[in-house]
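Notes for the one structure printed next.
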């Protein structure tokens with residue numbers, strides 16, 4: 001800034017007032033030089049320097065062209081200083097804007113780096129763990145379902161065996177009934193053949209008897225028509241023989257239909273049982289999961305209870321130690337209080353004896369004052385009141401503050 005002003009003044013002093021447009025050219029040249037140096041120093045572009053030089057140079061040229069041809073150095077210096085100040089303010093603003101621009105670029109770069117595409121995380125180990133856990137769950141489900149499947153199949157096999165045994169019993173009954181009917185049919189056939197044979201023999205015998213010319217008339221009961229009876233019997237037996245297979249077949253068909261209905265009912269019941277079993281299995285799995293969660297919660301609560309017990313035991317032990325220490329301190333205080341009480345009693349006894357001795361000495365002194373003797377009054381012997389003679393503990397330091405003032409008092413009594 002100062003270099004520009006000095007160059008301007010030097011150039012104006014050289015140019016003088018010989019040319020009006022010289023001022024503007026000098027200002028423009030000086031400003032251009034200073035601006036170029038500033039741009040080289042601060043790294044600014046040439047466009048801003050050119051615009052500033054053009055505006056300020058043109059303004060000064062017009063101002064000086066309208067004068068009387070004389071240049072005032074004072075006005076030039078003020079104008080140049082104002083121009084330099086404005087240029088410095090503009091350069092400071094440009095520098096601040098560049099600094100703000102760099103900060104914004106840094107923030108934008110950081111934002112792009114933070115918001116940019118991140119490398120995809122590798123979840124393959126988690127997928128493998130999930131697959132292993134899923135396989136374990138499936139295996140555990142299959143293992144848990146095998147006993148139930150075995151029990152279900154065992155129940156079905158037992159029910160089928162029971163049905164087969166029941167049907168075998170029915171089949172045996174039907175076979176026995178059929179055998180009985182066949183035997184009855186054979187017996188009836190034999191009886192029919194026997195009756196036919198007897199009938200033929202009787203017919204032959206009758207024919208032989210009626211072969212001669214002998215007419216015998218007898219009044220007998222009308223003969224029975226054996227052929228008709230035999231035919232009726234044959235018809236009856238044939239009807240019975242025809243009716244028994246039909247009845248057996250109808251009975252067998254009815255029983256078969258009943259068994260089919262029962263089998264259909266049992267199959268439907270089995271389907272319902274299977275659906276109920278599946279539902280119960282799902283409920284069982286849910287209850288097992290809930291049981292596991294409750295067991296985990298129970299274990300956690302037991303652990304927390306154990307930790308709480310340990311913490312409470314520790315606190316209780318600390319409190320017990322504090323109580324023991326306080327009890328020891330209390331016992332010590334009690335001992336000290338008893339000791340101090342004993343010492344107080346001893347001191348009280350000493351005080352009483354000393355008061356008695358003082359009263360005795362006072363009476364003696366008052367008696368000597370009433371009857372003066374030629375001998376000088378003698379001070380009482382302090383050794384007569386030794387702590388050992390008074391029953392005190394010589395090692396006790398608590399008696400010293402009391403014995404010394406009493407001895408001093410005994411010395412002061414004669415002076416009074």
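The backbone N, Cα and C atoms fix where each Cβ goes, glycine too.
Per TrEMBL, the range carrying the annotation coiled coil out of 274-315, 316-357 is 316-357. When TrEMBL is compared with the stretches 15-53, 132-170, 171-209, the one noted as coiled coil is 171-209. Outside the coiled coil (171-209), and at least 6 residues removed from its termini, the chain residues within Cβ reach (under 8 Å) are 226-227, 230, 233-234, 237, 240-241, 244-245, 248, 251-252, 255.
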